[in-house]
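Copied from TrEMBL, the annotated features are:
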- GLU303: active site, charge relay system (ACT_SITE)
- ASP307: active site, charge relay system (ACT_SITE)
- SER553: active site, charge relay system (ACT_SITE)
- ASP596, ILE597, GLY615, ASP617: Ca(2+) binding site (BINDING)
- 226-637: domain 'Peptidase S53' (DOMAIN)
- 182-207: region 'Disordered' (REGION)
- 1-18: signal peptide (SIGNAL)
Amino acid sequence: MRLLPSFVALALGLLASADSFLSPYRVHERRGHIPAGWSYDRKHDNAATIPLRFALKQSNIDAIGDYLMEVSHPESAKFGKHWTAGEVFRKFSPSGESIGTVLTWLEENGFDSSRAKLTRNRGWIEVEATVEEAERLLQTEYHVYGHETGQEHVACDSYHLPEHVQSHVDFVTPTVHFDAKISKRSSSTSPDGTARSIGQPGQGTYPKTTGEIQTLLNQLEDCDQQITPVCLRALYGLVYEPLAGDKNSYGIVEYTPQAYLQTDLDMFQSNFSENLVGVAPKMVSIDGGYAQTEYTGFDYNGESDLDLEYSMNLVTAAQPITLYQAGDMVEGASFNNFLDAIDGTYCTFEGGDDPTQDAIYPDPYGGGYEGPEDCGTAAPTNVISTSYSYNEADLTPFYTARQCAEYAKLGLMGVTVLYSSGDYGVAGNDGYCLTPNGTYSLNGTIFNPSFPGTCPYITSVGATQVNPGSTVYEPEGACEQVIYSGGGFSNYFAMPDYQKTAVEYYLTNYYPQYPPDIWNASGTSRGYPDIAANGANYVVAIDGTFSLVYGTSCSSPVSGSVLTMVNDARLAVGKSPIGFINPTIYSSSFTGIFNDITMGGNQGCGTAGYTAVPGWDPVTGLGTPNFPKLVAKWLLLP
């Protein structure tokens, strides 16, 4: 009999309506294991207070993919007719029914209007509750978990909601969500010996280096040894002078303490583009972000120097670069903090920030940024490149779905969002793979896909290389020097329609010969990456010296630079930006437009990984950009 929870609540003296009696409790979310590094410590104190936050469902969210296809598919009559931010908010704002249902249920259970508060933008309902009250309300038990770093966290294994409430709530925090906290690399310490968060979000997402360069090479015949801007222009046909002026924009996202040094930018450009010496990116500070100079070296400057040196060079001085610098030195930031700043509706979309997974501002720990959280304070650029990632398994399906929907909203507004696909092949960050019980292990055998790379509403970028002994005039191969291009199949997201023809061709003709229990062999899941670009042997000025750098961290900003120049050509003749590109690049009209990669693989998890083959593959996607072909095709579109 399923009425027991309501009778228990009544016996405890809580109010309950007839609806509550008729609405049995169901499990809403359940966590299958304790994440790596954490262990059970104790039952939480019943009298302790916790901030319960209920994330409200959004209206029309199930149709967001259809709306996005309308403005993104080249055969659609609405192609390029992007939405305004206001139109996006009105379409997806939570319904009055959802708000009313949750507030009524809370009031029935003793949380009246003086305790249950609707946030300003209608996304959260917040309640301060004791542990005892929260356990009764959610039919759960709260525990305190300890991390190997000494950090503590409050969580439960699962929680329940009444059936009539479930359809109005995406998730509740704090509950099962604590494995998405930005991690500190234990090997990374500042000069004073304290651990710093480097390469946020996630671990293992920073570029790699083989050390300093003794002799600088800048000739096309040396591109298999050292990649410089002239190599990339030759590889991808990027010979173009911007014409659109301030109509166009390109943004790079960095997470403090990662920061660039102007002296490094100048050192690089003095060798490769003298007219950029002294030029700085346009800084947009998010939640206290700034170009810190307290700590320097590859771990602190490698990512930002790489991204900015190459993106600024490839789009030339005529196209300024916007730098979104997110998070302070104390609290850091997550992808959602960045998304908050470029879209105010996201601060409360699907409940907005989750304090167990996103940095909270003002800084609750002291010593950091004390201003208000940035919501809607920075306009999104036409193209946004980010070279950081989580493992998909770090996050719950609800959490990733919420964030993925935000990328779809950006696509609706005409923004192209690029993410690097990862540097460990079919393995996750730092080479960790999954085990049958869902935990991480360096000895695991189950492939560990990347997020946001698996989100079907972003463009995931893998890595290639100029093969040793080859030239820029010969086909590249998948990157197999120092790093391996991240790629594979999602365990959370279904295969989008725009990708079906390409991925089904791959699965029909080149089906991976692995047991179905180590990869998602369903044939119905999102495949990634979508495209690729060179990711090996980059010459980068870092902390006053030139180093060789590797990673999809190279590939994403380079791809973004090429697409920014495509936007420039369209905007210069009065057309819209290209926006979400995936439906277009997978369409039949763009067949053969990318340089197909058919050599190499992306090993990991004790396997050879997948193999680059003709057509799309889960190593290099559709291939590398061919600017002359891309710009010609996109100029034909309305």
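Cβ coordinates are placed from backbone N, Cα and C, and glycine is handled just like the others.
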Cβ packing number for ASP617 (Ca(2+) binding site), 10 Å threshold: 30
ILE597 (Ca(2+) binding site) to SER553 (active site, charge relay system) - Cα separation in whole Å: 19
When distances run from the Cα of SER553 (active site, charge relay system) to each of the recorded positions GLU303, ASP596, GLY615, ASP617, the nearest one: GLU303
Cβ-centroid neighbourhood (8 Å) of the Ca(2+) site, ASP596, ILE597, GLY615, ASP617 excluded: THR598, ALA612, VAL613, PRO614, TRP616, VAL619, THR620, GLY621, LEU622, GLY623
Local Cβ density at GLU303 (active site, charge relay system) - other Cβ atoms counted within 10 Å: 29
Recorded positions compared (ASP307, ASP596) - highest count of Cβ atoms within 10 Å: ASP307
